[in-house]
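As written in Swiss-Prot, here are the features:
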BINDING   12, 13, 34, 79, 315  NAD(+) binding site
BINDING   150, 151, 152, 181, 210, 211, 233  D-glyceraldehyde 3-phosphate binding site
ACT_SITE  151  active site, nucleophile
SITE      178  site 'Activates thiol group during catalysis'
């Protein structure tokens, strides 16, 4: 039986997790909580999306929530996670997608309302992080609060895993050229902690920090301390790209690297890692399910031990799909 899921926070990731769950079929969304939007507005936001298009299905409202494709979904408006009555809906697995409750202690408040597990759709300072295809098999059923890491970590980790397993990574630097997100500004506005981040998103290339590369060391312990990185926020609405420049232990050719990644994309990382030799640009990957799509034509090698690898990701859709996949996976482990 499909695990019953609740979503806390109906913003970008919350809504796209919802859409993916409807398409996925392996999880059953039964409830949503968001104190900042009313039910009829939630229906509107779910139906129309500037990036991913109209919802392919039916959406109605009733006195207690939404009716999506004929199925009733409860809608709550609680500010305190501990006050959300997940238990009354049968929701065992909660997607914590507000971006606010990202520590184990804060996210665990959902358990007080009857939930059994919480998956944080963001990096966490202290919750164990899992990346599908990389370290998800290390999950054990005693873990109640976990993180799906970040969209960028989900892109970088499968790429780094294949390269490290086959050739060994001595050290590396990552840059993500990242589409703007909801935390950025439409016009120049105050941003006391990050002055550059307060500048207009649609007019600027904005250097920024990211913990995504360091986080790879948490999901692949042998790479701990070997990777770090930064971000360039750019004026595109969706789809981002990772540039991993690394020094290899084992001398190899770029063709051998391509072969290793192509093999992985067709076998152990199928559905997680994509591979393309087409002359694609970012918009071609809008709505792509993969965590990471290696661009064979975009990378270069300086010599047999020093390479630049390029991999794309839909930072909204692909990441949200992995949230759903992670819940489907851990529910099977929990049932054993």
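Backbone N, Cα and C atoms are what each Cβ position is placed from, and that goes for glycine too.
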Candidates 150, 152, 178, 210, 211, namely the recorded positions, that fall within 10 Å of residue 315 (NAD(+) binding site) by Cα distance: 150, 152, 178
For residue 233 (D-glyceraldehyde 3-phosphate binding site), the three-state class that DSSP assigns: strand
Environment of 150, 151, 152, 181, 210, 211, 233, the listed D-glyceraldehyde 3-phosphate site - residues of the same chain whose CB lies within 8 A of the CB centroid: 176, 178, 212, 231, 240, 315
Residue 34 (NAD(+) binding site) versus recorded positions 178, 181, 211 - nearest by Cα: 181
Among 13, 151, the most crowded of the binding-site residues [Cβ within 10 Å]: 151
Most distant Cα pair in Å, residues 12, 13, 34, 79, 315 binding NAD(+): 27
Distance from residue 178 (site 'Activates thiol group during catalysis') back to residue 210 (D-glyceraldehyde 3-phosphate binding site), taken between C-alpha atoms, in Å: 10
For residue 233 (D-glyceraldehyde 3-phosphate binding site), the one of 13, 79, 178 that lies nearest, given that the recorded positions are compared by Cα: 178
Residue 151 (D-glyceraldehyde 3-phosphate binding site) versus binding-site residues 12, 13, 79 - nearest by Cα: 13
Protein Cβ atoms within 10 Å of residue 152 (D-glyceraldehyde 3-phosphate binding site), excluding its own: 26
Other CB atoms within 10 A, centred on residue 34 (NAD(+) binding site): 24
Neighbour count (Cβ, 10 Å) for residue 12 (NAD(+) binding site): 20
